[in-house]
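Pulled from TrEMBL:
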type: REGION; residues: 1-30; note: region 'Disordered'
type: DOMAIN; residues: 70-435; note: domain 'Kinesin motor'
type: BINDING; residues: 184, 185, 186, 187, 188, 189, 190, 191; note: ATP binding site
type: COILED; residues: 547-588; note: coiled coil
type: REGION; residues: 770-800; note: region 'Disordered'
Ligand SMILES: Nc1ncnc2c1ncn2[C@@H]1O[C@H](COP(=O)(O)OP(=O)(O)OP(=O)(O)O)[C@@H](O)[C@H]1O
């Protein structure tokens with residue numbers, strides 16, 4: 001007996017495990033194959049004789065082994081009615097019910113006096129629901145077996161002491177710690193069992209009496225309570241001291257807890273009485289003095305001191321007595337406000353305590369499984385951390401872990417209204433030891449629960465855990481006991497029963513059947529989930545690919561937009577550049593017009609004289625001028641009379657050609673512009689202008705002819721041009737833009753025109769101007785409006801306006817028809833090299849010769865609207881024409897003018913200089929023209 005007490009974890013406890021071997025899982029094809037493989041590999045390994053060990057007959061636990069169990073569970077039933085003198089009676093005397101303030105209805109009265117808990121024997125009870133619940137909720141009776149001892153309602157305090165407390169006291173006196181705890185619903189008699197009453201002392205009083213009786217020495221007594229003020233947190237209050245300060249729990253020790261040394265029972269009871277006065281109690285509907293805290297009393301031996309010296313060292317044994325606050329239901333207690341918060345604290349503490357007891361009562365494997373189950377249910381909660389949930393379990397950890405012996409008294413009331421509380425407590429306590437329960441008749445509500453929609457269940461259970469489904473099923477019954485926190489307690493209850501092998505066979509079969517069904521459902525659910533997962537994965541992949549494709553396209557679009565932006569910027573820059581060039585060309589053109597107009601106005605009189613002397617009518621000159629202007633248009637285009645149209649064409653040409661082509665075009669334009677501007681006015685102007693321009697061209701035009709006088713004239717012009725501010729046209733050639741000085745291709749039409757001038761000039765028909773003397777062989781045509789203007793100084797402006805349109809712009813002079821016939825040009829002319837003009841005088845003169853003829857025709861043709869000169873807007877004058885100087889020098893020339901009749905097709909007559917009264921300069925110019933026309 002002593003040996004067994006010293007080693008409670010060996011021997012008999014292992015016998016219990018062997019007697020109830022763990023259940024084996026059903027063999028499946030997969031496991032069978034795996035087992036076969038393993039067996040084949042381990043053929044040579046000797047098999048561990050597990051079965052033999054299990055089959056060996058071990059002695060059944062003897063009566064004495066009861067004391068060796070770390071946890072013993074007792075059941076004490078409180079009588080339904082309690083007499084005024086606290087004597088329990090089996091008679092129903094509602095009037096004598098002690099519960100104060102509880103006015104039950106008639107139905108409740110019937111339930112109250114209906115006994116639902118019957119004691120079968122010393123270890124089992126039958127819990128039967130009241131009739132009302134049997135009808136409404138179809139509850140059936142349950143049998144709970146395996147208690148260490150069951151105390152019926154007639155049991156006395158002494159009986160309880162003898163069965164429960166006396167062994168603990170004996171062990172304590174022998175140096176072994178032990179604990180007695182009471183647990184049960186409120187008003188079930190816990191406090192009564194521990195503390196009792198003056199007439200019916202409780203376990204503490206009896207134990208103290210026994211202790212001091214057996215060992216008359218000193219003992220330390222400490223008493224404290226764990227309470228919650230307003231439901232907020234837990235506090236420890238020292239009940240044995242007069243300070244009443246809150247204490248702190250450290251490593252299962254209450255720091256600062258005062259221990260009172262007592263030498264007698266009376267002193268000890270006085271300490272206890274003082275503490276009870278401090279303990280928190282309250283009045284509820286269930287108990288007029290309901291405990292609101294967990295009360296703990298410790299008794300330990302004090303060293304024996306004799307004459308101030310310690311003679312006998314005490315043992316370290318501690319006898320602990322715990323009076324828990326009972327679980328409460330709101331409906332029954334009627335607690336509100338702070339009381340309700342206290343109820344929550346009490347219920348939680350009781351729940352945790354019960355859970356820890358369950359761990360304590362199981363073997364190591366069962367403890368681990370239980371912790372795993374709890375951990376699966378609440379992953380945040382670490383394994384074996386239940387003790388950390390309350391100060392009570394922390395403090396009593398050694399007992400709850402089975403390191404010290406513990407006796408638990410479950411207190412119940414047998415009334416019908418206490419059925420739910422009793423059922424819950426019994427279910428909670430059934431795994432503590434070998435408590436078994438069986439459903440005598442399966443309640444209907446469980447069948448109904450099994451018919452619940454599976455879908456709802458599947459949402460709550462974990463597929464990987466088959467046991468979870470059972471938990472759901474079992475927890476369905478907990479709804480009937482919401483107050484007691486059955487969620488954590490009733491769930492693993494049957495699981496642990498299975499582990500211990502203590503469940504009944506019928507129950508096991510049912511559970512096993514449910515397991516198979518649920519396993520199949522889990523497999524189906526698992527497959528369904530896998531399919532969904534695969535579908536979602538494929539969908540996500542496809543979606544991902546689509547998004548990547550869109551992203552790529554978006555990047556391509558961005559790149560394209562960037563490229564287009566850059567292209568647009570380049571085009572804009574080119575457009576700006578072209579516009580700038582157009583503006584420059586416009587200014588150049590206007591400048592040329594201005595210079596030509598000024599030059600023409602100066603020599604207008606001489607031009608007329610020349611025209612008369614050369615037997616050219618003004619009309620012919622006008623016609624020639626117009627033809628010349630038309631022929632000077634680029635590449636034989638149809639010449640427009642209005643300059644704005646030409647500018648539009650210039651724009652188009654600029655946009656469509658490259659720079660080289662634009663340079664060529666510019667040269668053409670320059671020639672054309674200078675030509676037309678030179679044609680405005682009279683033939684003298686034309687001659688000067690074209691001679692100036694074309695003198696810069698190279699190479700020398702083949703077939704050109706020049707007389708000595710002509711050469712002299714041209715040299716004079718070039719000399720003047722180089723010495724001073726030369727004629728505007730000469731200067732204008734080089735002034736437009738320095739960067740345009742490049743070698744350009746002169747349109748072949750111009751060269752051809754020059755080359756063929758000699759042959760075609762004979763066909764020019766000159767008409768004499770009306771009112772002027774002309775040679776009979778020349779035919780000069782002129783408009784009436786232009787003729788008078790030729791005779792005075794105002795004629796210049798009138799004639800100058802011949803090529804001016806309504807908008808004030810000068811009309812492009814229509815070049816001679818000869819120029820229109822020019823179709824090809826092969827030579828290149830560098831108009832930029834001034835030295836070339838000196839070297840190519842002969843060819844230049846030839847061109848002058850031709851162009852003069854053409855210009856004369858142009859004037860002849862285009863002389864139509866002189867009155868429109870008023871609309872001419874003169875550009876700002878920048879360069880002074882050198883025409884006057886040239887003409888002044890020309891007047892000084894002593895030229896032998898020979899009026900020869902032109903061999904042109906028109907056969908105009910010659911005009912005598914004497915007859916028209918022209919100036920000397922005009923006579924010279926006219927002679928030059930005539931010489932050119934008839935070399
Ligand atoms: N076995 C019993 N015989 C006679 N009277 C009893 C018995 N058990 C309890 N009582 C009486 O019932 C009443 C309630 O008992 P008690 O206070 O011990 O309940 P409790 O479980 O401690 O309740 P709470 O948890 O609320 O403190 C007390 O007046 C007590 O005297």
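Using the three backbone atoms N, Cα and C, a Cβ is placed for every residue, glycine included.
On its own chain, residue 184 (ATP binding site) has 190, 326, 327, 410, 411, 412, 421, 425 as residues at least 6 apart in sequence with a Cβ closer than 8 Å to its own Cβ. Proximity to ligand 1 (Cβ under 6 Å from any of its atoms) holds for these binding-site residues out of 185, 186, 189, 190, 191: 186, 189, 190, 191. Those same-chain residues not listed among 184, 185, 186, 187, 188, 189, 190, 191 yet with C-beta within 8 angstroms of the centroid of the ATP site C-beta atoms are 78, 182, 192, 287, 326, 411, 413. Of all the Cβ atoms in the protein chains shown, 24 others lie within 10 Å of the Cβ of residue 189 (ATP binding site). The Cβ of residue 186 (ATP binding site) lies under 8 Å from the Cβ of 284, 286, 287, 290, 325, 326, 327, 328, 332, 333, each on the same chain and at least six residues away in sequence.
When Cβ atoms from all protein chains are considered, those within 10 Å of residue 185 (ATP binding site) total 29, not counting its own. Within 10 Å of the C-beta of residue 190 (ATP binding site) we count 28 further C-beta atoms, all protein chains included. Mean pLDDT, taken over the domain 'Kinesin motor' (70-435), works out to 78 on the 0 to 100 scale. The local packing around residue 187 (ATP binding site), expressed as other Cβ atoms within 10 Å of its Cβ over all shown chains, amounts to 29. Taking Cβ-Cβ distances under 8 Å and a sequence separation of 6 or more, the neighbours of residue 191 (ATP binding site) in its chain are 182, 202, 289, 291, 323.
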